[in-house]
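Annotated features in Swiss-Prot:
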type    : residues                          : note
BINDING : 277-284, Asp316, 335-336, 352-357 : ATP binding site
DOMAIN  : 161-391                           : domain 'Histidine kinase'
MOD_RES : Tyr136                            : phosphotyrosine
MOD_RES : Tyr241                            : phosphotyrosine
MOD_RES : Tyr242                            : phosphotyrosine
MOD_RES : Thr336                            : phosphothreonine
MOD_RES : Lys403                            : N6-succinyllysine
TRANSIT : 1-26                              : transit peptide
Amino acid sequence: MRLARLLRGGTSVRPLCAVPCASRSLASDSASGSGPASESGVPGQVDFYARFSPSPLSMKQFLDFGSVNACEKTSFMFLRQELPVRLANIMKEISLLPDNLLRTPSVQLVQSWYIQSLQELLDFKDKSAEDAKTIYEFTDTVIRIRNRHNDVIPTMAQGVTEYKESFGVDPVTSQNVQYFLDRFYMSRISIRMLLNQHSLLFGGKGSPSHRKHIGSINPNCDVVEVIKDGYENARRLCDLYYVNSPELELEELNAKSPGQPIQVVYVPSHLYHMVFELFKNAMRATMEHHADKGVYPPIQVHVTLGEEDLTVKMSDRGGGVPLRKIDRLFNYMYSTAPRPRVETSRAVPLAGFGYGLPISRLYAQYFQGDLKLYSLEGYGTDAVIYIKALSTESIERLPVYNKAAWKHYRTNHEADDWCVPSREPKDMTTFRSS
């Protein structure tokens, strides 16, 4: 609980600067003496940096920065301001979680990682960008922070599971935790994107097999190739467990440039995460729904590139799910899986937490896309991934801590303003006419 109290400050939120001027205001506040140096300790530092909105970058900006005269000094100057802002914004929201959730060892551990990373970044706020040693040490720090945060997602997930097992879940808490985790994990994806870009571009350990990548971005990401890779790896798991697997039927249509391969500027690992998760779900449903028949319908994938959207539709005949359960598939608090142990980052990611679909949807939404499920109970499910076709429109979707966010945690959610149907029909014979 000490960490929770440490991070809790006042509840008032100052007006946030517009994105274009956020960095300038941050720099000028620091120079004028109203910056974090004049604040006391971690709470003051968090309060100061949380006053500013994160600056969302487009895929084109990521690409242009990394491909045209990539400058480590420029990256240093941007990240030493932007990373504390992103960390502080979400740290303010962590402190608004229920006390019993904040007391769990796993959430305490996550908080300690964020505090340590913020403090390490602030060590560079007054250092010269002209000093080669400073730039080298900063890159080292970025890599260290990235590695420290490897297990943030499963560790926070374990904290939620610990809380649910000890205290149960009421509708209001469930709604607030769902709201928080969507924002927390989206923030984590965005922070990791910045850390990865800097460390891959300037850390000197880029993969030789990915020489055409700009950091983690492939300017010509072959969508079909990533889909096939995800299918093959999911199929291996399916074969191990069920000793069989459904075939893949894949169709592609490039409506934008007919006859050309479907390629977009994207992060292949993000797309892989989404399709791998969807393939696993589709295969499991298909194998179990048709177990008594011994014949397994193929999984059909349609890939279409239009002027605005790249769309991937995956269709299975795994029996589908009822409409009332669709939203639960994206609910972090709903998973009934037994609690797994978080031991090392080499373990199967998120195994047993039931977080595959909600995290996949966040990856899709991160650059203004989406992931949706459409199910026909008794027949099968269509999963559709939407990705922006233009790199200028693929812009980071970032949470910001402001009055609206604060009110969401502090407002008592009122009862629904629609009638709740009773489980049994009313006995109309009990009503007498006067």
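Placement of Cβ uses the backbone N, Cα and C atoms for every residue, glycine included.
Since the structure is predicted, the reported quantities are computational estimates derived from the model, not experimental observations.
DSSP gives Tyr241 (phosphotyrosine) a helix state. With the fewest other Cβ atoms inside 10 Å of its Cβ, the least crowded of the recorded positions Lys280, Lys403 in this structure is Lys403. For Tyr241 (phosphotyrosine), the nearest of the recorded positions by C-alpha distance turns out to be Met283; the candidates were Glu277, Met283, Lys403. Cα of Glu277 (ATP binding site) to Cα of Tyr242 (phosphotyrosine): a span of 17 Å. In the three-state DSSP reading, Met283 (ATP binding site) counts as helix. Geometry remark: Lys280 (ATP binding site) versus Tyr136 (phosphotyrosine), CA distance 42 Å.
Put simply, of the modified residues Tyr136, Tyr242, Lys403, the one whose Cα is nearest the Cα of Gly356 (ATP binding site) is Tyr242.
In this structure, the recorded positions under consideration are Tyr136, Tyr242, Glu277, Met283, Gly356, and the one with the smallest number of other Cβ atoms within 10 Å of its Cβ is Tyr136. Among the recorded positions Tyr242, Met283, Lys403, the residue whose Cα lies closest in space to that of Tyr136 (phosphotyrosine) is Lys403. For Tyr241 (phosphotyrosine), the Cβ neighbour count at a 10 Å cut-off comes to 12, with all displayed protein chains included. Here Met283 (ATP binding site) is positioned 44 angstrom away from Lys403 (N6-succinyllysine), judged by their C-alpha atoms.
Of the recorded residues, Met283 (ATP binding site) and Tyr242 (phosphotyrosine) place their C-alpha atoms 10 Å from one another.
Across the residues of the domain 'Histidine kinase' (161-391), the predicted structure has a mean pLDDT of 91.
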